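S.K.: So TrEMBL has the following annotated:
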TRANSMEM  7-26  transmembrane segment
TRANSMEM  38-57  transmembrane segment
TRANSMEM  64-83  transmembrane segment
TRANSMEM  107-131  transmembrane segment
TRANSMEM  152-173  transmembrane segment
TRANSMEM  179-198  transmembrane segment
TRANSMEM  294-315  transmembrane segment
TRANSMEM  335-355  transmembrane segment
TRANSMEM  376-396  transmembrane segment
TRANSMEM  416-439  transmembrane segment
TRANSMEM  460-479  transmembrane segment
TRANSMEM  499-522  transmembrane segment
Amino acid sequence: MEGLENMAFIASAVSLVTYLMGYMNIGLTKSVNTVTNFMGTSFILALLGGVIADTFLTRFTTCVLFGFLEFLGYALLTVQAHFDQLRPTPCTDISKQCEAANTGQAAILYTGLYLIALGTSGVKAALPLLGADQFDSKDPKEAVQLSSFFNWFMFSLTGGSIVGVTFVVWISSKKGWDWGFGVCTIAVLFAIVLVCIGKPFYRDNALKGSPIIRILRVLAASIRNRYLPIPRKEDELYEVYDKGTQNENLQRTNQFRFLDRAAVHDMTTWGASAAMTPGPWRLSTVTQVEETKILLRMLPIVLSTVFINTCLAQLQTFSIQQSMTLDTRIFGFEIPASSLPVIPLGFNLIFIPIYEHIFVPLARRITGIPTGIRHLQRIGVGLVLSTISMAISGVIESKRKSVAVKHNMVDSNEPLPMSVFWLGFQFAVFGLSDMFTLVGLLEFYHAESSAGMKGTSTALSWFSLAFGYFISSVVVEVVNKASGGWLASNNLNRDQLNYFYWLLSGLSAVNFVIYLVCASWYKYKNVEEMKQEEISIHGSAAN
């Protein structure tokens, strides 16, 4: 399902600017902003999908429902691309004012786009969890298989992207946009059918209520009890052991101790009603308090991984501009600019099996860890590789500019006598970085979040990606003003893109140091397996 769904999403995203400009008569700036907002919204809404998968719907149902919304979005764009009356009159003379899309035509366009954004957000939030639910992380054999699942999930995502940026983009450009969107529509439909076929065999999650409400209750209870002393012993705090309502009990940790007051059941405060358990807004369990602490501990990790996605956004945009100045023929084939992402995707397709079948077994023998290395270590490796990739990008850009100067082509629009394959070095390292970081984040959020908050926590990895994209344009503007115009010219041969890449490399190194501090401070969750069927209440309430 992920391969087919991501094929459709990436194929649409990389060529959407061309469609908006050429077929909907939307200007360049507005088209770029539309695509940026579409991409950012798609990833930010993953938080909504994660909350829904935790609270209201099972992960399987979330995948099917949101997949159907995405299917409707592509179907709507297919219909609009096929019928001329649903689009403005084609603009043949660029010197004249083009006819803008009317209200109805614009409504169809944006409804289709944001149905896709909403649909893909729910699928991206729930689908990794649906797959991960099929493995018991407490079973040593299945724990190894769980790590492999995330690697092959990334492999499927990458394979779908490659087909999208090559085959589907080619269909759109050669056969027409209605054919391109039509292929995307059929792909998503097949994705839904395929995941439904496996329904009888799935382990599905039990709903445990809204994680957002539980967090708010903990915060409210800790504020209400702010004057109460914090007990030293865990068994003086309120906890419930009930196999029917919880899958795990989290043990108390020493971080964010002020939140422990939410689990203090004080006789003097509640008076005669102390024998009865107060409402959930006045008293929380230790597990609910620790659930809130886990999310707070995750936030520094989330924030320290945003910058790698900012670098990714810069690499994607400026590398395409660089490719337009180079010889784009590789092995006799000419690569269109919109298909340039196939280079890092191709490297990822090679790296993932090597990582899974060679690196992990070797690392497992040395460390004894089922995943080879810990999740935070994997993320850290990805951040280091990102720093190296940005430094390599600066070196390659310096070489590209030197070729332009050497052949007196600084102001020429002709391709430089330098192969676009040179960009493959920076793409290869960054592709490897993305493989370590994204999969590491997915594994980390799934392993460390509580049983009732896995959807919400896992969606944070996509939120980090969205936030990185959103601030990328801010980074360019700030650097331009502070540097006096490193990227102000429309001519890359006269810009200082190499300096910009080296600056990003330096900032990435600083970001890695910050990440090291956050990762060292992070305390892994401690789960206490339940051994009682009956409800047992600790603390003064039990007394």
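Note that Cβ sites are derived from N, Cα and C of the backbone, with glycine treated the same way.
TrEMBL entries are annotated by machine, without manual review.
Map these features onto the structure and tell me what's around them.
M.R.: Proximity of distant same-chain residues to the transmembrane segment (64-83), defined by a Cβ-Cβ separation under 8 Å and at least 6 residues beyond the stretch ends, is recorded for 1, 5, 8-9, 12, 19, 23, 49, 57, 105, 108-109, 111-123, 126, 176-178, 180-182, 184-185, 188-189, 191-192, 195-196.
Beyond its flanks by at least six residues, the transmembrane segment (107-131) meets 1-2, 5, 9, 12, 24, 34, 38, 41-50, 52-53, 59-60, 62-63, 65-74, 76-77, 79-80, 86, 101, 149-150, 153, 188, 195, 202, 204-205, 442, 446, 454-455, 458-459, 462 of its own chain at Cβ-Cβ distances under 8 Å.
Sequence-distant contacts of the transmembrane segment (376-396) (same chain, six or more residues past either end, CB-CB distance under 8 Å): 301, 305, 308, 311, 315, 319, 422-423, 425-426, 429-430, 432-441, 443-444, 498-502, 504-505, 508-509, 511-512, 515-516, 519, 522.
When Cβ-Cβ distances below 8 Å are used as the criterion, the transmembrane segment (499-522) is approached by residues 297, 300-301, 304-305, 307-308, 310-311, 314, 318, 376, 379-380, 383-384, 386-388, 390-391, 393-394, 397, 479, 483, 486-487 of the same chain, each at least six residues removed from its ends.
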S.K.: Tally Cβ pairs under 8 Å between the transmembrane segment (152-173) and each listed stretch (179-198, 416-439, 460-479), then give the stretch with the top tally.
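M.R.: The stretch with the most contacts is 179-198.
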S.K.: Would you mind listing the long-range same-chain contacts of the transmembrane segment (335-355), meaning Cβ under 8 Å and 6+ residues beyond its ends?
M.R.: 10, 14-15, 18, 151-152, 154-155, 158-159, 161-162, 165-166, 169, 173, 316, 319-320, 323-324, 328-329, 420, 423-424, 427-428, 430-432, 434-435
S.K.: Among 7-26, 38-57, 179-198, 294-315, 416-439, which stretch has the highest count of C-beta pairs below 8 Å with the transmembrane segment (460-479)?
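M.R.: Per the Cβ under 8 Å count, 294-315.
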S.K.: Please work out which recorded stretch in 7-26, 179-198, 294-315, 416-439 has the most C-beta pairs separated by under 8 angstroms from the transmembrane segment (38-57)?
M.R.: 7-26
S.K.: Which of 7-26, 179-198, 416-439 has the most Cβ pairs closer than 8 Å to the transmembrane segment (294-315)?
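M.R.: It is 416-439 that shares the most Cβ pairs under 8 Å with the transmembrane segment (294-315).
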S.K.: Are there residues at least 6 beyond the ends of the transmembrane segment (179-198) whose Cβ is under 8 Å from a Cβ of it, and what are they?
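M.R.: Residues 1-2, 4-5, 7-8, 11-12, 15, 60, 63-64, 67-68, 70-71, 74-75, 77-78, 81, 119, 127, 130, 168-169, 171-173 contact the transmembrane segment (179-198) from elsewhere in the chain.
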